[in-house]
Structures are given as C-alpha cells and as structure tokens.
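Worksheet: the structure to be examined is printed underneath.
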Amino acid sequence: MGAKQENGDPEDILPPPEQELSHELDMKVKKYLRGEGADLEVLKDKKLKGQLYDRENLYGKSAKAAAKTEKWLLPSEGGYLEAEGIEKTWRIKQETIGREVDISSAKNQYDIVLPDFGPYTLDFTSSGRYMAAAGRKGHLAVVDMKNMSLIKEMQVRETVRDVVFLHNELFFAAAQKKYPYIYNRDGVELHCLKEHGAVTRLQFLKNHFLLASINKFGQLRYQDVTMGEMISNFRTGLGRTDVMQANPFNGVVALGHSGGTVSMWKPTSAVPLVKMLCHPGPITAMAFHPDGHLMATSGKEKKIKIWDVRKFEVLQTIRGHAKTLDFSQKGLLAAGTGSFVQVFGDFSGSRNYSRHMGHSIVKGYQIGKVAFRPYEDVLGIGHSMGWSSILIPGSGEPNFDTWLANPFETTKQRREKEIHSLLDKLPPETIMLDPSKIGTVKSAKKKEKPTKKEMEADMEAAVEAAKGTAVKKKTQGRDRTCQEVDEHNQQRTSYPRIFGLFPLLRSTNSSAVYFCTRKAFRCPSGHLEEINKC
C-alpha cells in the first residue's frame, strides 16, 4: 500500500510509515492556506490567468513551508477541555482535572494559606518562571514556579498595595504606604522613589523600560528605570483610582475612574489620548487582550463589557460582577469576585465570549487578583487568606520563543538578553494608539501661508486682470438711511459761519447751540436770523 505525493506524480510513492506524516502535513497546510483557490478556467485573459496562477502557486508553497516549520519549531500542542454529550465544561471541577493530567501539571494545583498577611496580589515574569507575591500587611515573596522553591521573602512592616516585576526576575517594585520601592531578588532595597508619592497601582513597560504609577491624588508618573529620569508627571483631574492597566500592543496606559470613564495616556501628552464612557458607575476592573485589540471592563452595575479598542465600540456585554480581570495568552478571560472565579472563552473566533470554566475557593475568602501564568495552563489567584493556583487547560501558549521568553535561560543568556533589550529600548515618543504608523511616510501638510513675494505677485496679477474690465457706475441708494444723511448734510452746510460760530451736531430743547472760540451762545428761539439778538 502507498499514497501519492501532493504533486500528483505516479512515480513517487510514499512508503506506509510516512502516510500518517503526510496526512498530518496536509492538515497543517489547510490551516495556513488562504481559503479555497480561485477558479481560473473561466478567465479568458491569458496574461491575467498566468499571473493569478503563479500567485496561487506561491500561496501553496508558503503554506507548505509554514506547516513544515510548525512541525519542527512548534512541537507542543495546546491543551483544551472538552465535554462529552450534554455535559458542560463549567461543571467540571479541579479535582476531576487533576486526576486526568500528568504529574508535573498536577503540581500546579495548590493553596498557600497565610491568613495574617493577606489579601495578596500577584505578578509573573514574561517567561512565567518566577512569581512575586505581595501581602497587604507587608509580606513580600519571590517564588520559583518551576521548582516550587522560595527564593526570598521579607516583611517590610507597612502596607503594600501592589507589586510588579521589572525587565527580569532580578528586580521588582513594590507600592508601599508612602512611596514605591525597588528591590533586588535578594531583598535588598535599591531605590526609594519619593517623587511618586503614595502609589496605588504600578505598571512596567518592558519595551520602553518605563515604570508607570498612579497615586492616591490622581497623578500619573512615568520614570525611566535605566537612567532614573522622571519622563513625565500628569494630573489626570479625574480623582483617585486603583484601576490601571497597560496595553501590551502599543504601551498605552489605561486608567479606570469612578465616573465610569476610561482614559488612555502616553508619556508625551498631558491630555488623554482617548476618554471613553464605558459604564454608568465606577470602573472596578480592566484587562487587555495580548493582541491589544480587545479590552474588558467591569463596572459596579454588575456588567462586564468587551470593547474593540480600534473602533472604541462595545462588542459584547456579559452579565456579572468582577473585581479583577485578566486575559490569557490564548485569549481566555478570567473574572474574579468574592470567592468565585469564572473563565470565559471565545472558541468560535467571532469575539463572542461564553462561559467556559468556574472555580469556587473556600467560602469567605475574598479574591483580590487573578493572573494567568505565561506558557502554562495555570491561573494564579490572590485572595484574603493567601494565594491559590488552578489548572485552566488551553490558556497558555504551548511553545515558547527563546528570543522573547525562555523559562530555562541560564545566567549568561539572561545577561545577553538584558544587554540586547537595552540596545533595543524604544523611546517614549513611540508610544501611540497605532504603532504601525512608525516608519511610514508622513502625510502632506495643509497649504502653508504664502510668502510676501507670492502675495505681491498675486496682487500684481489681479491688477493686470482688472485693467481690462469695465467699472460699473455705482448709484446712491434711496433707502431711509441715505435720506437722513442727505438732510443732515444740508443742514450743516446751510448754517452761516458768523463771528467764528459753528453749529453743534445735535439740538437740545428745540434751540440751536453755537460755539465760539471764547463763549457758547444758546438762542432760545432756535432761529438763525435771531442770532444777533442773543
């Protein structure tokens, strides 16, 4: 038995062991093809038919090359959760999933109970290897998630509101009671950022090496962590907020305010780029899709909205409340409130999210933060009594790119990557709503103001053009205003200038008033012929 190759040559026959590989390759080729090929037999133009035929062949070759590349560079397949019959995926519990997965994946299901230091907030590195946990009552910890080992923990003995990793796992920033602090992995305090004030939320833009913060007075600050320079300091004017998220696609920072508005900022503009009304009440949570085109917001009116950031319009409204939101690498949306976590998925590709999974923690625990772990099907949950980890099949990217994020990088690789990232650092001016405009040709400006020479030349041309035209004889109008002017002028010319007198422009009490160089005379009769009697 055998199978013919795709080129249809009868001489080339595939041996039986390679039939399955050929079928798998065909399936991957269909995934990269741009739909079905066009019917070129109906075309009569031979030149156009030949051009389209060559283009179709090029599409086929590129799809086959992409399928072969995926076979060798993307060996791992993403997980998924599939129900049987009328069973629903959101009814499957974590205990059932834990019994079906391998041992290494089952280790990602755990609960850390620390009732004296919560509630906790979490943050992962871009590779998903390390996690930073911060308790509200001053507990800071850095954990190696691969080995499940504690690298460092410390007690700062004051309130900690947020924690975020910087460009790698060696440094992290913590928003404490009065100021944000920067620590290294060994727990040594490196910097105290007093200019930021009492910060409520932190975000780090890794491509620009900018640490963005919003304090309790509504001031947004950007600081360059490479040079220590304060890039910008803006007063939002919309009050205090604790909802802050950075768009991973363009670096724009979005803030959710108590009036239901979401404002988007960049470090080179003192006014928001976009200010959109998303909810009738305060914004409680916000998250961006990894591709940067979708934004999820939650409001006090118990509704979760999915927005298209490119057109700034709502795509879907989901009933339910969320205190925290987060998107996974594969586009799953996690929403946490109270002691319950819901996961929504878009499996049709139409940007229509539906309920996918659910998980309840111990009753009474209050969830404060949910965060998907990169390159793993794991969801981290920070709550009032510690933090937990659950399995969400299909949430993480199964194949990592070592040039972007390598969970197994060595010390030498980390140093080289840090140097390359510093060399490739983007300036703050590159942060904009549409970064695809960078590198394009600048659009033509409006017509500039003409110079003095051009104005004189235009005037001379207009004079030359007007010389040959006949001037129309203008006649005085016959309206009431013109008649009043004529009568007034006649009265002024009929008054005799006697003894240096001249009339005033108005009359008072029907008596003509005259002025001389020395005295003014008033004639009670008001007649010109009686001037001498006065």
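Glycine is no exception: its Cβ is also placed from the backbone N, Cα and C atoms.
As annotated by TrEMBL, region 'Disordered' applies to 1-21, 466-489. Residues annotated as repeat 'WD' in TrEMBL: 276-317. The domain 'BING4 C-terminal' annotation in TrEMBL covers 355-435. Taken from TrEMBL, the feature compositional bias 'Basic and acidic residues' covers 476-489.
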According to DSSP, how is the domain 'BING4 C-terminal' (355-435) divided among helix, strand and coil residues?
17 helix, 25 strand, 39 coil
In DSSP terms, the repeat 'WD' (276-317) comprises 0 helix, 25 strand, 17 coil
Could you tell me the mean pLDDT over the repeat 'WD' (276-317), as a whole number?
94
